[in-house]
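Novice: Got a structure here, written out as structure tokens. Questions coming.
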Amino acid sequence: MRKHGISETKGDQALTALFYVLLTLFSLLCLYPLVLAFSVAFSSEQAVSANGFSIIPQQPTLDTFRYLLSQKMNILIQGYGMTIFVTLVGTACSLAITLMYAFAISMPGFRHANKFSFFAYFTMLFNGGMLPWYILCTQYYHLANTVWGLFLPYGMNVFNMFLMRNYLKTIPASIYEAARIDGAGYGTIFFRVTLPLSQVGMITVGLFYGLSYWNDFYLPLMLITDDSLTTMQYLLYRMMGNLQFLVSNSNSSMVSNITPPMQTAKMAMSVLAIGPIILVYPFIQKYFVKGVIVGAIKG
């Protein structure tokens with residue numbers, strides 16, 4: 001018995017081919033800066049200065065990485081450690097807050113769900129501005145020069161919360177009703193029913209939070225002056241400023257023998273910053289795509 005599928009017309013096939021071509025071009029555009037960064041990072045400074053940037057390494061060398069590691073080895077290790085700590089702890093705290101808020105407003109029968117949803121949505125549209133935020137964090141919450149100041153201000157992202165809420169709404173209400181009949185309270189339902197059924201959504205939202213914390217340098221820039229609390233991104237920002245200072249004062253006796261690799265150093269520091277994310281992302285990509293799709297189609 002033959003199975004008849006939906007036949008595509010020549011127009012449909014041409015449109016599909018066009019989509020593949022456009023997606024391929026878009027993918028290449030996204031990959032180009034990444035490939036360029038790696039290429040320049042492993043090129044010699046002299047070749048880059050003479051010939052410009054190229055996606056193929058020019059006179060491949062590790063001199064730039066040796067320069068950075070010899071000058072800032074201890075600080076780099078400390079920055080990596082602080083960034084990993086902030087990413088892990090911040091992601092866990094933000095994920096917990098987001099899950100609890102999303103769980104509350106997604107529960108069937110909660111009559112104030114719309115009010116709490118509007119309250120969260122309102123903060124996406126309006127805020128007090130940078131100065132009131134800074135005064136609140138430093139003078140009222142006392143987060144300046146504390147490790148708490150590196151992740152508490154980002155406690156809950158409203159977009160991530162709504163994404164998680166939409167995902168939780170895909171859980172059938174009959175499961176909650178059965179749990180209530182068995183005598184389960186909201187705490188039991190949250191930990192023993194909701195969490196096991198929302199792992200894909202948790203991984204997706206956790207990835208968003210993890211990327212946000214890993215790439216953030218705004219909080220250290222605004223709240224941190226203690227070098228022991230410096231994160232990787234802010235450290236790279238400061239190192240770039242120090243290299244710029246060396247170049248602008250290269251005629252002085254103190255730095256007359258130093259030739260900092262400016263162009264290659266920028267790319268090398270970018271590679272150091274994005275390397276761990278590139279290694280982790282392929283293992284969780286399937287959860288990320290599935291979670292975004294499921295969380296976006298139900299509102």
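Including glycine, each Cβ sits where the backbone N, Cα and C put it.
Per TrEMBL, the features are:
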- 80-284: domain 'ABC transmembrane type-1' (DOMAIN)
- 20-42: transmembrane segment (TRANSMEM)
- 75-104: transmembrane segment (TRANSMEM)
- 116-135: transmembrane segment (TRANSMEM)
- 147-168: transmembrane segment (TRANSMEM)
- 189-211: transmembrane segment (TRANSMEM)
- 267-284: transmembrane segment (TRANSMEM)
Novice: Mind pulling out the one from 20-42, 75-104, 189-211, 267-284 with the most Cβ pairs under 8 angstroms to the transmembrane segment (147-168)?
Specialist: 75-104
Novice: Select the range from 20-42, 75-104, 189-211 that forms the most Cβ-Cβ pairs under 8 Å with the transmembrane segment (267-284).
Specialist: 20-42
Novice: Within the same chain, where does the transmembrane segment (75-104) have neighbours whose Cβ lies under 8 angstroms from its own Cβ atoms, ignoring anything closer than 6 residues to its ends? I mean 6 or more beyond.
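Specialist: Result: 68-69, 110, 113, 116, 120, 147, 150-152, 154-157, 160-162, 164-165, 167-168, 190, 194-195, 198, 202, 205-206, 209-210, 213-214, 227-236, 272.
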